[in-house]
């Protein structure tokens, strides 16, 4: 099989872009946390308006939210991630790099022997399943300074190679932004606290790249 199914330069671009997919916030110890009166769900939903997405946001811990990392919990998360990967199958249009393969390498020189359409299709589907890079979603607890507190974030499965021959990995290639609220306090002219909208990026697409 040809080894150059994907271009490494595209992979490097995706790797550079991946740096923008993680929102980090280090709280200042003196920051005030929102009080119960500041967590009026009706008011906060009105602040978010149409940006509230129940498919990717939750105000209470979702049932399928993974536990904390480390020890047995970390192993359970790995199994859950692998199970989620195995449940997904390639969908949509087959990548042109795979669809255009003839699988003629290795045949005797001068012979015009070609694989049957059925066998060629099977090989293409097998190769597609090996190089398929789905987005794996899991709930993330952003902490009490964010509302909604729980957001579904994406990741790329990178515990096995996605190329034939091996060597390439699934890496982030695209992202989308969710609008959530963050609790912010300002000390200028006396301390004032309130909710402000921020853009929270999540991975929306993964690609097999260098």
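Yeah, the Cβs are placed from backbone N, Cα and C, and that goes for glycine too.
TrEMBL annotations: computationally assigned, not manually curated.
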Candidate ranges 55-74, 75-94, 95-114 [criterion: TrEMBL lists as region 'Disordered']: 55-74
Closest of 40, 156, 170, 206, 208 to residue 185 (disulfide bond), Cα positions, recorded positions only: 40
Rounded to the nearest Å - Cα separation of residue 156 (disulfide bond) and residue 162 (disulfide bond): 11
Lowest local Cβ density (other Cβ within 10 Å) among recorded positions: 40, 206: 40
Distance, residue 193 (disulfide bond) to residue 208 (disulfide bond) (CA atoms, angstrom): 44
Sparsest-packed of the listed disulfide-bonded residues (133, 156, 185, 208) - C-beta count within 10 angstroms: 185
In the chain carrying residue 193 (disulfide bond), residues 6 or more apart in sequence that have Cβ under 8 angstroms from it: 32, 34, 38, 183, 184, 185, 186
